[in-house]
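Only one structure is covered here, and it is reproduced in the block below.
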Amino acid sequence: MEKKLAEYKCDTNEALSLKLVRFPEDVDDDGTTFHPEYSHQLFGDDEVAFGYKGLQIQLFYTAGNLSTLFKVKYSLKVTDTFDCVEPDDIEGKIRGIIPAGFTSNTDDFVSLLEKEANFKPFGTLLHTYTVHNEEAGELTYQIHKADITCPGFQEYHERLQTFLMWFIETASFIDSDDDRWDFFLVFEKYNKDGETLYATVGYMTVYNYYVYPDKTRPRVSQMLILPPFQGEGHGAQLLEAVHRFYCGLPKVQDITAEDPSENYVKLRDFVLSKLCQSLPAFAVDKLPLGFSDEMVKEAQDKLKINKVWYHSAVNYHLISTLMHCEGIQPYEITEPLGVFVQKNQRELAKMKKCLRPEELVSHMGQMDTRTQHEELEKSYQIIVEDYRRIIERLASQA
Ligand SMILES: CC(C)(COP(=O)(O)OP(=O)(O)OC[C@H]1O[C@@H](n2cnc3c(N)ncnc32)[C@H](O)[C@@H]1OP(=O)(O)O)[C@@H](O)C(=O)NCCC(=O)NCCS
């Protein structure tokens, strides 16, 4: 019986095909398909759907407006109740997260592509940049800031946020009605039959918290660059544009992030270290002198960097400066940051053993901020030592 049951199980990350469609021929082109990284929020921790053989779930979107095609196909489905196990309600689960108004007819979906020429980016233009692509040449991208009052945006955002379920492990949908949300969107300009069209590339949501008496603290909530566009620098462009936008607002105290994931922290270190390079206190010749109050002040005043992040960004800045020194050997740089992460994990494991879950939550929060700050400062000292030693060795060889 177990063997028979297994025949009716499908890996939902494989079964679900996603697509961003620009041209009718994209619909049947497997090269434009991508799959979720996660589907556990809908299909359970083992990411398996039961009751079907050859299950295929299609969630295709028009490239700009994200008009949706939703189809479920399979070769066999268990008909009667099967050893007291019913087939999973695939349609119901997916309908629970995608907004109404989708089509299940491929021809209707293809005809919606004609309306894509009417789709224009929401909100105000913040930043334009170009990226060189091997095949397509120079491509132009735009970052826009929108809010919930932009006509048509709420419906578009409901379609866009469905992608979070598939690419962020702990994703949840936001209550976009709240006017404290800011939305930052990235679009690619492309040409179709001589017309300029816009394709959705990714986005970020930021919540403006109030800080007594008259300041705000924007907190980055979610950020997603859609998979076909990842690794091309769009995440860095988006985060930098968002930082620059809030830095220009006098009422902003500093910029924070909600429960930042490892990917987000890596991207943030990359962007902040780039932004720090332009500040006099972070000039390369000042770095070996150690962490200074001047750095803290400049990072806070000019970049509105939250204090927990300084050391992380400075460490990254130092390491990348070192990496670009000629003659440097990678093994010469010790790994205090790696050690810090391991140590932090050991501390957490120890705590988990002796604390009740409700105590753990508050201890973790406190420990994270306090130890991160202290440990990053220690690791900074070690990196500075490495830096001095290497510079001296290189100078003695010159
Ligand atoms: C994380 C994410 C936003 C990054 O966007 P991206 O456009 O792919 O990143 P970029 O190409 O702009 O990266 C710029 C630099 O940041 C650093 N970086 C970004 N993501 C990284 C990662 N996952 N690991 C290590 N470094 C990373 C790298 O230094 C990179 O430069 P390089 O490619 O020359 O090494 C994107 O991959 C994504 O949406 N992932 C899924 C959802 C997610 O994890 N969101 C964040 C938490 S809410």
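Heads up, the Cβ atoms here are built off N, Cα and C, so glycines get one too.
Where the annotation comes from TrEMBL, it is an automatic prediction and has not been curated.
Copied over from TrEMBL:
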type: ACT_SITE; residues: Glu258; note: active site, proton donor/acceptor
type: DOMAIN; residues: 8-169; note: domain 'Histone acetyl transferase HAT1 N-terminal'
type: DOMAIN; residues: 268-307; note: domain 'Histone acetyltransferase type B catalytic subunit C-terminal'
type: SITE; residues: Trp181; note: site 'Interaction with histone H4 N-terminus'
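With all protein chains in the displayed structure included, the most crowded Cβ environment within 10 Å among the recorded positions Trp181, Glu258 is that of Trp181. The residue listed as 'active site, proton donor/acceptor' sits 13 Å from Trp181 (site 'Interaction with histone H4 N-terminus'), taking the C-alpha atoms as the reference points. Averaged across the domain 'Histone acetyltransferase type B catalytic subunit C-terminal' (268-307), the predicted model reaches a pLDDT of 81.
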